[in-house]
Ligand SMILES: N[C@H](CCC[C@H](N)C(=O)O)C(=O)O
C-alpha cells in the first residue's frame with residue numbers, strides 16, 4: 001500500500017491550490033512528485049502546490065504562526081502568491097481560532113486577518129521596481145520597459161516576492177494572451193521569467209486584469225498581479241484612488257495601496273475538496 005498524504009484543495013477566485021501539511025517534518029517533495037500532484041490527469045490538479053511548514057527561528061521571533069512554501073506546476077519554488085496566501089491564511093485562522101495570524105513566506109512575514117466569513121485580507125510588499133530586485137538582466141526604466149510583443153508595449157516591471165510585467169491596453173478582450181504573453185515571459189530581460197499581466201483601466205478606481213503566469217499558463221486570477229497592476233496604474237497616473245477594485249476572469253479583488261509601498265489585498269477563499277494522495281514512490 002503506498003504512503004497516504006492528506007490534502008486539501010482550495011481556490012481563491014478560481015486560482016486553485018493543492019495544500020499539504022508538512023509540519024511533521026516530512027522530507028521535501030521532489031519535482032516529479034510536485035508535477036504529478038498538480039496534474040489534472042494523474043494528480044489532484046493545482047495551479048500551485050502549497051506546503052504548510054513550521055516557521056523558521058527567524059519567523060518565530062517575528063511572531064509567525066507557520067510558514068508556507070509555494071511550488072509552480074513545473075516543481076519550481078516561487079516567492080509569492082496572493083490568492084494562495086489568502087487560502088493558507090484561512091486554514092491557519094480556523095486552526096488557531098484567531099482573527100489575525102502572521103504567515104512566513106520566502107520573502108518575509110505576511111500579516112493576514114479575517115475580513116468576512118470566507119474573506120481574508122493580507123498585507124504584501126514592499127513592491128519594488130528596482131531592476132536588480134525583479135530581477136532584470138540589465139538596468140532599464142522599469143516603468144517603461146523596452147519590450148514589445150504584438151499589442152503589448154510600454155509595460156512596467158515590478159517585484160512583490162515574484163517578478164511581474166504589466167501592460168495597459170484599451171481593449172483587453174482583443175488581446176490574445178497565449179500568442180503574445182510568452183514572448184514577454186521568456187524575454188532575455190527577465191532571467192527568472194515573469195508573470196505577465198495585461199490590464200485595462202475602467203475608471204479612476206477600477207481595473208480589469210488578465211494574467212499569463214509562470215511557467216506558461218493563463219490563470220483565472222492572480223493576486224500578486226492585481227497588487228502590482230494597481231501600483232503601476234497609480235505610478236502611471238492611470239488611476240486616482242489608492243483603493244482599487246481589480247476585476248479578473250475569476251472575480252474581484254479589493255486592493256489598497258498603503259504606506260511604504262505595501263499593499264493590502266482583500267478577497268474570497270473557497271474549499272474544493274479534501275482527501276488522500278497516494279505517494280508515487
Ligand atoms: N496566482 C498567484 C501568483 C502565482 C505566481 C507564480 N506563477 C510565479 O511564478 O511567480 C497569485 O495569486 O499571486
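Positions of Cβ are set from backbone N, Cα and C atoms, glycine also.
Heads up, TrEMBL stuff is auto-annotated, nobody curated it.
What TrEMBL says about this one:
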type     : residues                                         : note
BINDING  : 15, 48, 72, 82, 83, 162, 195, 213, 214, 223, 224 : substrate binding site
ACT_SITE : 81                                               : active site, proton donor
ACT_SITE : 222                                              : active site, proton acceptor
Near residue 214 (substrate binding site), how many other Cβ atoms are within 10 Å of its Cβ?
21
Three states by DSSP: which one describes residue 222 (active site, proton acceptor)?
coil
Please list, in sequence order, every residue of the chain apart from 15, 48, 72, 82, 83, 162, 195, 213, 214, 223, 224 whose Cβ lies within 8 Å of the Cβ centroid of the substrate site.
47, 70, 78, 80, 81, 84, 211, 219, 222, 225
I'd like to know which of the binding-site residues 195, 224 has the most other Cβ atoms within 10 Å of its Cβ.
224
Name the residue among the active-site residues 81, 222 whose Cβ has the smallest number of other Cβ atoms within 10 Å.
81
Hey, which of the binding-site residues 15, 72, 83 is the loneliest by Cβ count within 10 Å?
72
Can you tell me the three-state DSSP label for residue 83 (substrate binding site)?
helix
